[in-house]
Amino acid sequence: MTTALIILIGTIVTYVIYRASKIVYKKWPLPFFHPLLLCPLILIAIIQLSHLDPGEYALSSSLWTHMLGPATVAFAIPIYKHAHLLRKNIMIILTSIAAGTLVAIGSSLLLSLVMQFNGDLLISILPRSITTPIAIEVSKTIGGLPTLTTVFVIVTGVTGGIIGPYVIRLMALKSPVARGLALGMGAHGVGTNKAMEYGEQEGTFSTIGMIMAAGMTLIWAGLLIPSLLQITIL
Amino acid sequence: MVLKTITILSQLALIHVFYFAGVGLAHILSLPVPGSIVGLVLLLLSLFAGIVKLEWIEKAGGWLLAELLLFFVPSAVGILNYKEILNWQGLETVLLILISTFIVMAATGFTAEKLYRRKRKGGHTS
């Protein structure tokens with residue numbers, strides 16, 4: 001098969017199964033049917049049962065992975081439309097995301113120590129709350145394994161997309177700013193996708209939360225994480 | 001239908017221009033930020049400067065944001081390459097991520113909600 005044909009098939013198959021997963025989730029909104037859980041599981045089953053090479057699947061679906069780049073650029077649209085909201089709430093945003101990023105790194109570190117994770121695994125899990133491309137940068141900076149970090153980022157996204165609505169209900173988060181920031185901080189793009197279901201304002205705060213979280217984690221990676229690791233591991 | 005497809009595709013092309021400009025700029029200046037984020041900033045500045053009109057990109061942008069989960073699917077399938085974490089420790093890892101993500105969302109949301117309420121109250125009295 002030529003590469004072009006492989007890509008055509010992978011693109012279409014992935015899209016069709018994704019659409020079907022979304023329909024299933026809309027009809028039965030159970031956590032287990034979340035599209036980012038159901039769709040990959042079906043694809044994994046297909047790949048395993050037909051003895052396909054996972055590397056070949058990655059190539060065949062690379063058009064969709066590529067779209068993450070332009071999609072990140074497109075986040076400029078909700079920010080532009082709601083710029084006044086951001087200006088009005090800038091202190092809330094900065095404080096909440098500072099708290100969120102520190103809790104993200106701190107709780108990952110503490111839980112890793114409790115569960116007795118070692119070296120690579122521990123370091124690679126620290127930047128998991130932020131969007132993939134920057135998580136990879138942070139992982140490199142602090143001496144983790146970028147590929148392992150990518151897996152943790154995805155698991156964080158799936159988990160956060162599922163538990164987000166429960167957290168919002170449990171913590172009685174009523175304001176769009178609190179809902180959006182919680183989702184964007186906790187589950188990057190996947191959380192932001194969920195936030196947009198709540199409303200445009202939630203989506204905007206989530207977008208800005210996601211970007212700020214990535215920026216602040218980059219700063220912590222330079223200033224804070226190295227000394228944290230030195231204290232806890234050595 | 002055809003016209004709508006052409007509109008979306010040309011808008012998608014325009015968003016790609018910003019994406020590739022961002023990637024190029026990040027590379028040339030060796031910025032520690034991914035090109036897509038640089039592209040976001042470029043597009044945002046162009047929107048504010050009026051160089052790009054919202055209508056020129058809104059349809060394709062809306063589609064990209066609505067289908068975001070689709071773009072994560074191949075990476076999620078990529079977990080197949082990490083069979084070694086599909087064991088007991090893998091289960092522990094998922095548990096860790098679940099607990100930590102819960103705490104992170106709760107802490108962030110709690111802080112924002114408290115500050116929001118205080119600000120609103122402050123606004124009424126002053």
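Each Cβ is built from the backbone N, Cα and C atoms, and glycine gets one as well.
Among the features that TrEMBL reports, transmembrane segment is placed at A:6-25 (among others).
Annotation comment: TrEMBL describes A:32-51 (among others) as transmembrane segment.
Outside the transmembrane segment (A:63-80) by six or more residues, the chain places 7, 11, 14-15, 86, 131-133, 189, 192, 196, 200, 203-204, 207-208, 210-211 with a CB less than 8 A from a CB of the stretch. As annotated by TrEMBL, transmembrane segment applies to A:63-80 (among others).
The transmembrane segment annotation in TrEMBL covers A:92-114 (among others).
Residues or ranges marked as transmembrane segment by TrEMBL: A:148-168 (among others).
Residues annotated as transmembrane segment in TrEMBL: A:208-229 (among others).
Among the listed stretches A:6-25, A:32-51, A:148-168, A:208-229, the one sharing the most Cβ pairs under 8 Å with the transmembrane segment (A:92-114) is A:208-229. For the transmembrane segment (A:208-229), the residues of the chain that approach it from at least six positions outside its boundaries are 75, 79, 86, 93-94, 96-98, 100-102, 104-105, 109, 123, 126-127, 129-131, 134-135, 137-138, 141-142, 180-185, 188-189, 191-192, judged by C-beta separation under 8 angstroms. A Cβ distance under 8 Å defines the sequence-distant neighbours of the transmembrane segment (A:32-51), meaning residues of its chain 6+ beyond its ends; these are 13-14, 17-18, 20-22, 24-25, 57, 157-158, 161-162, 190.
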